[in-house]
């Protein structure tokens, strides 16, 4: 192995990620669903054909998911878990990339894959430290490990080049789903988000430790959810360090406070309430996400396009906002952190996602929440490379307990758990009759709509005045449906409930319920005629309605405010759902 000093000299120049010519590829046309309300329950002939073809294909995946397991009586189509891709056949250059971006994300074809074996109970856990609390000895160790990773040949699956490409491949349509050559694997915008990234960081960490012969080495987490960690960690900003990346927003270097509600294009925040706003956002996105579907995201099964799912609460905000806050606005596609194809090229990415992973730990252990129990989630799988350059098939079921994987997080304060937002006004819009008599807000009543200005609309509530036990059993959820947009652009709109003032409520106020955030990415579309992505936004609102004292109302007024990409988003509708812990 080269010495640390020689590696540091090697890394003084930017790490190279060459571009490649993108070959053409034929893709089958996606069967799209009817968008209008009149036809929502009437599949057309193409949809029926797709349902039959998908059913036959799933039966062909094997006896493990035979008809008795994947033909629920209340579903018209089969379900089965996403399977690990098969190399090299399942991988190809990403499609629908932005002009001038031609990348090759596929890993080298080196060995036959093996199934992951859970390690025996470790005698000593790897402890991931908060980045801002790391001591100089640890920082030097991390620099040495990453320098060694960057010094590996680019065709080595353990190299930083190949590790960065993992995110590119899984997040930009480079992998086909097993059995569905016209449907890509996408690990964002669904229940795959948290377990995939946990596995990704697990092997990244193991490789780093092996390169410095230290099995106890653990990567740091960017503690952006606590006041003293709400800035880009200093260990990542030395231009002469392997932890540095030149493609970041220079206006956001320390000690600029991170904005967890960041809208792309905004100037650095100097809001004296910024820290309080950040803590309130963390409360909304983690504490209020009481059910697995809200926290993890909607299901995604084999044969389904990612368009048919939806983000969990953590993925949009703060995860997406931090990607955009860190990315370089001087780059055409907000590289590196600001675009999924390039995010893994920045060492800051792994510290960011370590804290995202930590949120999963907190959600389960500090808040007592429950993961999905669906087999299609537990048996979903991915293909990654271990510290021996061995391709390994891994499954969600083995990633549920980080301690069994041999690591834990440094214990630090979690101030946002008690940072509940407060209403701007007591009992706003107390009932439908009074709201109509007192507000000057014009309510729209026609969908779909193009979100090119602030809009408000009424959403009926199927149930009201529920008991405490009913609310604990079922979370009331506001669903913004059929959000259509082009995924290669940064986008954001905010959602407010019963916010009657012309100026929207602040992030630390109850009326501000949440946001839709899109980090630029590229993925294959089944329908080549429509390049837009379709998704859904789900927000738990039981606690919000209690705090606003409107749980007895027949309806709520929802206001959408475009922040980034005005006019580039179409909204298909909105409704109220009730979500339980288990959705088998």
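Backbone N, Cα and C atoms are what each Cβ position is placed from, and that goes for glycine too.
Quick caveat, the model's predicted, so the values are computed rather than measured.
The transit peptide feature in Swiss-Prot is assigned to 1-32 (among others).
Swiss-Prot lists 33-79 (among others) with the feature transit peptide.
Here Swiss-Prot flags 91-106 (among others) as disulfide bond, drawing on similarity to another entry. In the three-state DSSP scheme, residue 91 (disulfide bond) falls into the strand class.
Look at Swiss-Prot and you will find 105-168 (among others) tagged as disulfide bond, backed by similarity to another entry. DSSP assigns residue 168 (disulfide bond) to a helical segment in the three-state reduction.
Annotation source Swiss-Prot lists Cu cation A binding site at 167, 188, 197, citing similarity to another entry. In this view, residue 167 (Cu cation A binding site) is surrounded by 25 other Cβ atoms within 10 Å of its Cβ, with every protein chain counted.
The secondary structure of residue 319 (Cu cation B binding site), as reduced to three states from DSSP, is helical. A C-beta separation below 8 Å, combined with a sequence spacing of at least six in one chain, links residue 319 (Cu cation B binding site) to 352, 356. Under the heading Cu cation B binding site, Swiss-Prot lists 319, 323, 353.
Note: residue 323 (Cu cation B binding site) has non-local neighbours 337, 338, 343, 352, 519, i.e. same-chain residues 6+ apart with C-beta under 8 A of its own C-beta. For the disulfide-bonded residues 105, 106, counting C-beta atoms within 10 A of each C-beta gives the highest total at 105.
The Cα atom of residue 197 (Cu cation A binding site) lies nearest to that of 353, taking the recorded positions 91, 105, 106, 168, 353 as the candidates. Look at the Cβ of each of the disulfide-bonded residues 91, 168 and count the other Cβ atoms within 10 Å; the largest number goes with 168.
For residue 353 (Cu cation B binding site), the count of additional Cβ atoms within 10 Å of its Cβ stands at 25 [all protein chains shown]. Here the Cα atom of residue 167 (Cu cation A binding site) is found 10 Å from that of residue 106 (disulfide bond).
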